Amino acid sequence: MSPQTETKASVGFKAGVKEYKLTYYTPEYETKDTDILAAFRVTPQPGVPPEEAGAAVAAESSTGTWTTVWTDGLTSLDRYKGRCYHIEPVLGEKDQYICYVAYPLDLFEEGSVTNMFTSIVGNVFGFKALRALRLEDLRIPPAYIKTFQGPPHGIQVERDKLNKYGRPLLGCTIKPKLGLSAKNYGRAVYECLRGGLDFTKDDENVNSQPFMRWRDRFLFCAEAIYKAQAETGEIKGHYLNATAGTCEEMIKRAVFARELGVPIVMHDYLTGGFTANTTLAHYCRDNGLLLHIHRAMHAVIDRQKNHGMHFRVLAKALRLSGGDHIHAGTVVGKLEGEREITLGFVDLLRDDFVEKDRSRGIYFTQDWVSLPGVIPVASGGIHVWHMPALTEIFGDDSVLQFGGGTLGHPWGNAPGAVANRVALEACVQARNEGRDLAAEGNTIIREACKWSPELAAACEVWKEIKFEFPAMD
């Protein structure tokens, strides 16, 4: 540290560098109901005390900079500064600490996830005093939550729009994700919806490419939806991806979807950005469209255990920004997640009030007040044999999305959809009869095969499929 030097022209101002912990480490601080609270996993550089590292995070993500400045005297730092108020070691990890930081609410623009993240994680992750930094959780106070619209509609309104109750919803991502013409794409949509699915879906990178422009896709998918609805008597939907290179183009696509009368559109909220996502969510609420959210790019941010951001933070941010569905892992299949941790952020998406529970990765009690809930979407390498586990784990307020598990059926797309619908109905009936899906799942599926040759064929194809890869990190 360089020495502090008092200038002749000042009284009380000392130029130079001082330790962050002298100002920003305040273990005596009592948090306020209006504070935004953050739990950071901090890995300091060798020789940096955890108190200094935690204080540095609080400083660099709020009012601090690397040196004392004249203009500190023109405001009240005690009112606006972030505070590291508690530090605890991470069990089983060397030189890792959970540092809790409290931010005054006045630091953040109302109704802006963009500003919230710019402040809390925008700059501090490149700080030299830290080897690694991960934002594990945020507590969003009700006073700040009430400045957001949140999901366009929420779980109950979606069920009322679809007139579907008492079971999970079924979906399918159209494959191959790229390369189909708009007409062939629409054909696949029709076959899946006609077979019994509630939704089909554009993949995250289906936007408006030379082989299939967005307007053509929207038209053929709308035709497929209306034809399937007429033949089944059920309300159907296809997640029309409105993600685009500009907000203006995105809204233009959403407007066209509304004019076609379809029930739902889609957005890639991380690659598209929170400003674009909130803009689209507001449009969807005002115009009666449901909004499906894909989390493309999330693993770039959340996969490393000691650096980045946990998905529960991204999930909370999405609930603030707005979305009626979001992909949330499966616990089974090719994109597995730890069961308790996954269910922790699933509850944060759906429930009005979630208690602190460190065993489930929930660092803070979260009260969502009246903000609508978000339906979690389970997708990625799942098939009919997973249906009992998925029904038990995710419950009714979920979307179970089978891409290859529908389109990979040996008899075609529609039989694949039939197989999934029969498997789901069998699991829901068994659950309602009091049977244990975890213990009797395979038996329940085999019994249903007697009444559905489509399900029997699917069970035969996928009976040996597992996604088991040795962990290398």
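Including glycine, each Cβ sits where the backbone N, Cα and C put it.
Features as listed in Swiss-Prot:
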type	residues	note
MOD_RES	Lys14	N6,N6,N6-trimethyllysine
BINDING	Asn123, Thr173, Lys177, Arg295, His327, Ser379	substrate binding site
ACT_SITE	Lys175	active site, proton acceptor
MOD_RES	Lys201	N6-carboxylysine
ACT_SITE	His294	active site, proton acceptor
SITE	Lys334	site 'Transition state stabilizer'
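Here the Cα atom of Lys175 (active site, proton acceptor) is found 18 Å from that of Arg295 (substrate binding site).
In the structure shown, the C-beta of Lys201 has more C-beta neighbours within 10 angstroms than that of any other entry among the recorded positions Lys177, Lys201.
Candidate binding-site residues: Asn123, Thr173, Ser379. Fewest other C-beta atoms within 10 angstroms, Asn123. The two recorded residues Thr173 (substrate binding site) and the residue listed as 'N6-carboxylysine' have their Cα atoms spaced 5 Å from each other. In this structure, His294 (active site, proton acceptor) is part of a beta strand by DSSP. The residue listed as 'N6-carboxylysine' sits 11 Å from Ser379 (substrate binding site), taking the C-alpha atoms as the reference points. Asn123 (substrate binding site) sits 26 Å from His294 (active site, proton acceptor), counting Cα to Cα.
The recorded positions Lys175, His294, Arg295, His327 differ in how many other CB atoms lie within 10 Å of their CB, and the one with the most is His294. His294 (active site, proton acceptor) and His327 (substrate binding site) are 6 Å apart (CA-CA, integer value). Taking only the Cα positions, the spacing between Lys177 (substrate binding site) and His294 (active site, proton acceptor) is 14 angstrom.
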